[in-house]
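Visitor: If you look up TrEMBL, you'll see C:6-30, C:37-56, C:62-82, C:89-108, C:149-166, C:245-264, C:276-293 marked as transmembrane segment.
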Amino acid sequence: MQWELETIGVTKRFGPVTANEGVDLRVKKGEVHAVMGENGAGKSTLMSMLYGLLQPDDGEILIAGRQVHFTSALDAIGHGLGMVHQAFQLFEELTVWENIVMGAEPARRGFLDRRRAIASVAGLAERYDLKVDVTQRVRDLSVGIRQRVEILKALYRDAQILILDEPTAVLTPQERDGLFAVIRALRDDGRTILFVTHKLHEVMEITDSVTVLRQGRVTERMATKESTPEAIITAMTGRSVSLDVAKGPATPGEIVLQVAGLTVGQGPKPAVADVSITVRAGEIVGIAGVAGNGQSELIEAIAGLRPGSGRVTLKGRDIASLRVAERREAGLAYIPEDRAATGTAAGATAAETLLMGRQGDAALSRGGLLNLPAISERARRLIAQNDIRISSERAKVGTLSGGNLQKVVIARELDHEAPLLIAEQPTRGVDVGAIEAIHARIVAERDAGRAVLLVSAEMSEVLGLSDRILVMYEGRILAELPASEATEAQLGLLMAGRTGEAA
Amino acid sequence: MERLKSLRPGPVPLAILSGLVIGALMLLVSGDNPLVAYREIVEGAFAPRNWRNTLSWAIPLVGMSLAAAIPLRGGMVNLGGDGQIVIGGFVAAVVPIYLADAVPLPGFLLAAIAILCAMLASGLWAALAALGETRLGIPMLISSLLLSYPAIGLTSWATGFPLRDTSTGLTQTRPVPPGAELPELFGPVTMGLVLLTIVVAAVIYVDRRTVPGYELRMRGLNRRFAEYGGVRTERQALGAMFASGAIAGLVGAIVVLEVHHRFQNGALVSPSYTWSGLMAALLAGGNPARAVLAGFFFAALQTGGFAMQREIQVPRVLSMVLQAIIILFVSLRYGVGGGRGPKDRP
Amino acid sequence: MNMLNAYTVNATIGGMTPILLAALAGVLCGRVAVFNIALEGKILIGAFFAIVGSYFTGSALGGVLCGVLATMLFSTILAYGVTRFRGDSIVLCIGMNLLASGLTAYLLRQIFGQAGVFSDPAIAEVDRIVIPAINTIPWLGWIFSRQTPITYLSWLLVIVVAIVLFRTPLGLRMRGIGQNPEAATTLGIDVGRTRRWTVIAAGALCGLAGAQLSIGTVGIFAEGMSAGRGWIAVVAVMLARDNPIWAAAVCLLFAIADTFSVQLQAQGLPNQLTDAVPYVITLVALVIGALRGRRRRMAPV
């Protein structure tokens, strides 16, 4: 059988870490082929090699039966590959057509041929029913439209094999349906789609066959209609896991956090518009929403990292005018969404990283002088208690894996034993095993009587952990519902801003 | 594997070696013997009879290294050392001259007041650049540098016209009143050296043992992390720049009160203490203790350069060239040896 | 304002040329997101090697070519430093500025046996082009006649840079690299190579700037003769937000301010004060620019 795309024994190592080992991938022409796996299973590395961004240490890549060696993305594009990255690779200040023709510009006598560029891009968009205004600047576009621009970029280069890397992560369910329609149209046009995802129901819905990766190796390869969700899960995780969180009913107590009329940003469409939230001791309030609907801004305003107008009270005390350090002291712990960019500093030691935010504590410093023995002592204790895999408290945290680094952040923030815990995307990019542990700790915090405000883009996480759910859409709280009554379908509609249909 | 790695020369020794090799090539091209030239540098700096020279050159240079290292520790760059050192020197000369006219004070008190005023004035001038960044968003890199020009212009004008010592042909102020000079204590040890040593010790202590030192280091590693942890980064920028400027002011005051005993136009700028100090701080990656060492190393290189020029007529600016080459190699450190950055991983 | 005579205006326009060329270099680098603050050192290298070339070839053209080539070569430090070696551009540029001042002083002694200033009848200066038709017309002739070819070229280059940036595939790629280098990589654009050549081309512009400064204006080389012009160019680039036309406008503004300071000097103000005027004006421009920018940011979108 002639495969459209085939890899034989592809292996890639990063120092001591093996990201892919002996991967055999076989994709038929004109099919939608799912590449599944947990975070860190090696999907991104494999796709980067297929797209020429990385070179395999071993093994072969074949396209239509012919072996290829890509040294750059340009090679891959030349062989008919196209890729839509999970994080969009767009130029915000440029127009749609400029984004699309970049690198393959129509030119006349050395100058850009704008008219021809615009016409061909618009024609392409029309052909696949991708509604886009090609002269708009990308910074003015919504996430769904941006994804169309990405797809057009690949089609403009006449991609026969299109790699979609976690394409639905940032979409509302309705935008996702639109994407699936486009995928079907492309398949019917004879193009081959590689659909990289870790979402099971999407695999079942749209793909023809599936290859499952675990720890860098292929563990399963089958036709979608012949497989079952259970089989795929087992192949992905090597064991049957339930993502349901074990927790008893909440016993909400006094009000810990009260946000009233909080607005962040100016103009007719502020990032956060007139938001009011109450979180009580002993409950987990989850904020659901597609990323970029004002959740980050809301949390940063509560933590004091971003100015906002409105009232924020913590255990009855007005903290709206307080600085970050004073808010932390008033009883706020905060697990930020990006542990590498915000939660840690790669060049700092574990002890220094674990100290941040507590450097003013009487136990750790006095009169501005650091109590170094106490700081080391505490760091050693936290490393041991939280099973952080690091050689010593004097080692730098930059070498830690994502899960271990997240443990550092969580250890530090939970050690604060603050009445309010804000957890923003606490399990993003963390292995399934670690996810369970983190969820259990958050529930334990709740059971210890703390108020937890959870923000997550993962619907299952919000549904599984929260006692109450708030849905955020375009900077507003669109709805509030008890977790026990919420369903994925209903939440999906709310996240898309459709209150009427969800009711 | 671990042991092999630790045996490899670190980036700084490698950079120094590269600088010396390139310098040797330059000397060969111009027909000089590099070994002889380097021997002259070493002797000129370290022969016992030259210690005093080296030390007196090292005091301002090490001081300016420290001044540059403080903001660098927090990821900021102060390019305005020239303006700050000049203001410090100017204030340290003018204050005792006119204060002594107004009230009779003992010399040491005049000197103390002069030094404090110099530090305050230079510190405030430097903090102005930080204010430009925190309030207006003007990059401190640019504003600190641009602020030097009016500082140099104003002091130069004041020295040339209203405050000029008309009894000499030079553009300089009157000498400071007797007693206000900083004394030599014993051997090569001067009051300036003692003051500088105290400041060095204080800065290293603050860096390693105090909350502000910890917060500045964390800011240098990841500013967002520091802000997230409650560090008030705007106030911190003002503080770091004030400290940096104040040390530059102290350096200006020491040179004026200990060496020239008056403010001479251009005397603080032309030896390029600021830029050598900045290079030393860059070489040290902002670590204050290492900056002091690097500053001393550059001072030795430069004093040795004088000897080289005197003995074998090789221009002493060669030591500036060597310094610059060393810095360029240090800034390439991540690439040397084909090391792979974190970005190679998807 | 009777002091605004033909000579002053003419000299101001000619004196603006190095800053304008350096600013264009800064614009090019800024577009590909290389923060180039080595303009000062590059001008100095260009000025010195223009003198070297002029002295040894006896021709001004030889001097200009020598200055341009030397500065391009010097720029490879930054070009490779920020790409292949992933150095920090600020540290590299500080090192380059110091290397330039040390190296030119060293070579001045080693090649010409001089310290401080070098002047020699053997240095061929760049001829000025007199346009007889307008030469004596006030303003028009003052500005547009009796300038060096480098000055005319600099005006042309403003337009060339603008066209390249906004009307060619190369310019589109450069702008793309500046905004999102990773995205450009995924489209198969060689970011490193584009950056390298941009920095080296910018070096050529700085070389021209240096040549104008030494053999286009005074026919001498003095240590540190760039005297902060490169830094003013950096500010011009910042204020112009990497737009070549705006950068030219900002340079013109600085030139007018400079004329003003020459006026003050003619009125009897000491030169120690007037020398600082361009920098004070630059600072004031930065503050005004920042205040305006802030108001724009405050305004509702």
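Residue numbers in this text run from 1 along the chain shown.
Using the three backbone atoms N, Cα and C, a Cβ is placed for every residue, glycine included.
Show me how these features fit into the shown structure, please.
Guide: Distant neighbours of the transmembrane segment (C:6-30): 36, 39, 42-43, 138-139, 141-143, 145-148, 150-151, 154, 157-158, 161, 165, 174, 178, 198-199, 201-203, 205-206, 208-210, 212-213, 216-217, 226, 229-230, 232-234, 236-237, 240, 242-244, 247-248, 250-252, 254-256, 258-259, 262-263; these residues of the same chain sit at least 6 beyond its ends, with a Cβ under 8 Å from one of its Cβ atoms.
Proximity of distant same-chain residues to the transmembrane segment (C:149-166), defined by a Cβ-Cβ separation under 8 Å and at least 6 residues beyond the stretch ends, is recorded for 13-14, 17, 20-21, 24, 27-28, 31, 64, 126-127, 129, 174-175, 205, 208, 211-212, 216, 243-245, 247-248.
Taking Cβ pairs closer than 8 Å, the transmembrane segment (C:245-264) reaches residues 3-4, 8-9, 12-13, 15-16, 19-20, 23-24, 26-27, 155, 158, 162, 232-233, 235-237, 239, 273-275, 277-278, 281-282, 285 in its own chain, all 6 or more past its ends.
Listed as Cβ neighbours of the transmembrane segment (C:276-293) (distance under 8 Å, sequence separation of 6 or more from its ends, same chain) are residues 228, 232, 235, 238-239, 250, 253-254, 257-258, 260-261, 264.
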